[in-house]
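Enquirer: Pulled these features from TrEMBL for this protein:
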- 433-794: domain 'Ionotropic glutamate receptor C-terminal' (DOMAIN)
- 437-505: domain 'Ionotropic glutamate receptor L-glutamate and glycine-binding' (DOMAIN)
- Pro514, Thr516, Arg521, Asp731: L-glutamate binding site (BINDING)
- 560-578: transmembrane segment (TRANSMEM)
- 599-618: transmembrane segment (TRANSMEM)
- 630-656: transmembrane segment (TRANSMEM)
- Leu663: site 'Crucial to convey clamshell closure to channel opening' (SITE)
- 815-839: transmembrane segment (TRANSMEM)
Amino acid sequence: MGITLLSFCFLILANVECGNPIYFNIGGVLSNNESISHFKEIIAHLNFVHQYVPRGVTYYATAMKIDANPIRTALNVCKLLISQRVYAVVVSHPLTGDLSPAAVSYTSGFYHIPVIGISSRDSAFSDKNIHVSFLRTVPPYSHQADVWVDLLKHFNYLKVIFIHSSDTDGRAILGRFQTTSQSHDDDVEIKIQVESVIEFEPGLNNYTAQLYEMKDAQARVYLLYASKKDANVIFKDAAALNMTYAGYVWIVTEQALDVQNVPIGAIGLKLVHATDERAHIQDSIYVLASALRGMNQTKNITEAPKDCDNSGSIWETGKTLFEYIRNQVLIKGATGMKVAFDDNGDRINAEYDIVNVQGPSNHTSVGTYTYDPKTDKMRLAIADNKIIWPGKVHTKPEGFILPTHLKVLTIEEKPFVYTRLLKDDDKNCTADEIKCPHFNSTNDPGEMYCCRGFCMDLLKELARTINFTFDLALSPDGQFGNYIIKNSSAGGKKEWTGLIGELVNDRADMIVAPLTINPERAEFIEFSKPFKYQGITILEKKPSRSSTLVSFLQPFSNTLWILVMVSVHVVALVLYLLDRFSPFGRFKLANTDGTEEDALNLSSAIWFAWGVLLNSGIGEGTPRSFSARVLGMVWAGFAMIIVASYTANLAAFLVLERPKTKLSGINDARLRNTMENLTCATVKGSAVDMYFRRQVELSNMYRTMEANNYNTAEEAIHDVKIGKLMAFIWDSSRLDFEAAQNCELVTAGELFGRSGYGIGLQKGSAWADAVTLAILDFHESGFMESLDNKWILQGNVQQCEQYEKTPNTLGLKNMAGVFILVAVGILGGIALIIIEMAYKKHQIRKQKRMELARHAADKWRGVIEKRKTLRATIAAQRRLKSNGLPETGVSLSVEALPRGVIDLPSPVRAWSGMRQRGISELPNLPA
């Protein structure tokens, strides 16, 4: 049984998925009977086109005429179409009334039956929350914004005024225009600016107030979206204000183009095949058939709903079929090339004619907007020479009115802008100054300042060259501007402050100041070409060379000094030894009188070595031997080299040395290392601050310096001068100026973050090209170089360089150590002589004590000798008596000796000693 059923499927249904329907009803809700006939005819012919309809599948047409009453239309859809199980509905627009297609979409969408519109262009049908299953082969009115963007870029109109009604279509076309104009693929650098948006309530009888607002704007290109009724009134009021004549440009939508009083020269769009229902019916049916064919091969298709009374029935196949239809692409359709849909089911790649109003009933096509298969994009082609512009002129208008009196803002920043407060007795600025009150100042509106400097000379030359007048004012908050969140607690949005904020909010026309060009600012304002190229650098105070008491020792390292000291004493010792042991030394040679010369002792050798080294002259105590003298000559050569080297290096250290910088640049490890105690800062919200914020590799450094950042550059530079801030990171032009003014300041390292200073203008300003061309001319003519020499360099760079080359004058702080050394020598000599005197006194006292002791010993020894002599005499007399000699012979009594003999210590001691050694005979005493 299963095999039979399978064979039947293959034989009867051919390529049709087994189980899927073999016939499909297609519903049509059309505007007239002719369209209904076309609808049925096309479906009947479709059944024979096997490219779209597989064998065994048949399409049937079920059509009805649309009713102007949306309720009757909805009832008829249920009664005549849904009851017939239609798989999709093709709907047109009624001749009168606007809600009938919506009724068809609501009714069919309730069951997810796809609806393909062929004439409904309201933007409301793009909302898939309401029209869940609606597609269309015509684009909504809002898609004309895509063509407008290409038109404006073709004519180079980059500043426009947008006029639209306050309804769904008006807001939709504005939103699409703003999105497309800022993200166009062809020219990403060209952005169209909407200077003003004029939104009006539909149905008014007078639009003069809105037109007056447009008249005061710079742009003269008007983009208009309005219904025929509103456009008629707008054109009437614009003509009364002379806003439809030469110098103005009107680009309008299809509805406004059909108005009888549309201005001559206006340019509008006409959708190709917009009223050709047969072509749209054909494309919609073929797209539907292509979707059903693809779905039939891959999906299980269930029968369509047939009862509107069953509110709980949701047709899942209808959802899938809607997606299949939306993804279809019809390469060659009856309504144009590449019929396709976007995510909202709206037709894309729709073709338009560019229409130029050349007379009351003369609408001439001057271009096309068609699909280009080669680039797979839409292409605009316009014959410019065929266009007649408002005022019946053939020359394209400029598209803007150039104001000749500008509001110019600046900011105090030396040397570019100097300010001076006018006193009560001085109400006029000098010839090189310009009056510059604070912009919108409420603190003291009576205060008046005068500005001069680099930028003021540039502003005056610009005004003279490109012919404009101006009112100059200072920044309201003293800041260049920062992109911050205002009223963050109340869910505020990001806004620019300072100079940039005034320009972005159209409260000023131009900024002439040292305004750094960077991506953050360029997104919101226009910049001229740089009038000065510069970068970022680091300002610091020159490190003062620390002069210590031992500065005179700097030429040699500690090791070398120690080696010199050791060498002196080693050489002295060797000299002593050589002279001591040489056969020709003083120790071996005697004078003619038989005495030796004074020998070269160790003290004399040390004195000789020091004398040679210090070139102090050599007195007594020179080496005598040949070997010692050879060593002395070598030592003299060594001393000459050492002294000459010391002298030369001392000059380099004490006279010519000038320290430059502490830091090597932005890559210095001390800046990158957040743990080091090195304070660096910049100005809050400045271009330098923005640069650090966007550099990932500098994030650690930025977090450290963020807490130290200053409000103004003046405060930071002052703190660098007094040593409170070690490094100030800022624009190189300003810091080079400060370094030229004060030779104690210096810039460190190479420039980084290179950029330039530019003139700030409003986005799309008509003055941008003129200002840029003038600045380029100033560079070529040498005017910018003259401003550099006058305001920035001021001749002081050469003075600082000359100062750098001038040797330092040595002072007491440089040579204090030498004087202290002399003082130490004097004090040392005084101390030594005191020690010598004390030692001499001690020696004298010791000698006296020795003399007293010796005298006492001599007296004691004399008494002893006297007693010994007496005993010897008595003994002698006794021997004589015993021998029979008379006692009156020789008297050897001590008393008989002269008294002086006893008092002479040496003979007595000698004799006493001889007696002790056993010598009994008396020596011959001197007379």
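The backbone N, Cα and C atoms fix where each Cβ goes, and this holds for glycine too.
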Enquirer: Could you state, as a whole number of Å, the largest distance between Cα atoms of any two of Pro514, Thr516, Arg521, Asp731, the listed L-glutamate binders?
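Expert: So the maximum pairwise Cα distance among the L-glutamate binders is 16 Å.
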Enquirer: From the centroid of the CB atoms of Pro514, Thr516, Arg521, Asp731, the recorded L-glutamate site, which same-chain residues not already listed sit within 8 A by their CB, in sequence order?
Expert: Phe480, Leu515, Ile517, Asn518, Ser686, Ala687, Ser755, Tyr757
Enquirer: At the Cα level, what's the spacing in Å between Pro514 (L-glutamate binding site) and Leu663 (site 'Crucial to convey clamshell closure to channel opening'), rounded?
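Expert: Here the two Cα atoms lie 26 Å apart.
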Enquirer: Test of understanding: give the count of other CB atoms lying within 10 angstroms of the CB of Pro514 (L-glutamate binding site).
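Expert: A 10 Å sphere around the Cβ of Pro514 (L-glutamate binding site) contains 25 other Cβ atoms.
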Enquirer: If you measure from the Cα of Leu663 (site 'Crucial to convey clamshell closure to channel opening'), which of the binding-site residues Thr516, Arg521, Asp731 is the nearest?
Expert: Asp731
Enquirer: Using a Cβ-Cβ cut-off under 8 angstroms and a sequence gap of six or more, which residues of the chain neighbour Arg521 (L-glutamate binding site)?
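Expert: Gly481, Ile500, Leu515, Phe527, Ala687, Gly760 - these are the non-local Cβ neighbours of Arg521 (L-glutamate binding site), listed in sequence order.
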Enquirer: Among all the protein chains here, how many other CB atoms are within 10 A of the CB of Asp731 (L-glutamate binding site)?
Expert: 27
Enquirer: To see if you understand the setup: which same-chain residues, six or more apart in sequence, place their Cβ under 8 Å from that of Thr516 (L-glutamate binding site)?
Expert: Phe480, Ser686, Ala687, Val688, Asp731, Ser755, Gly756, Tyr757
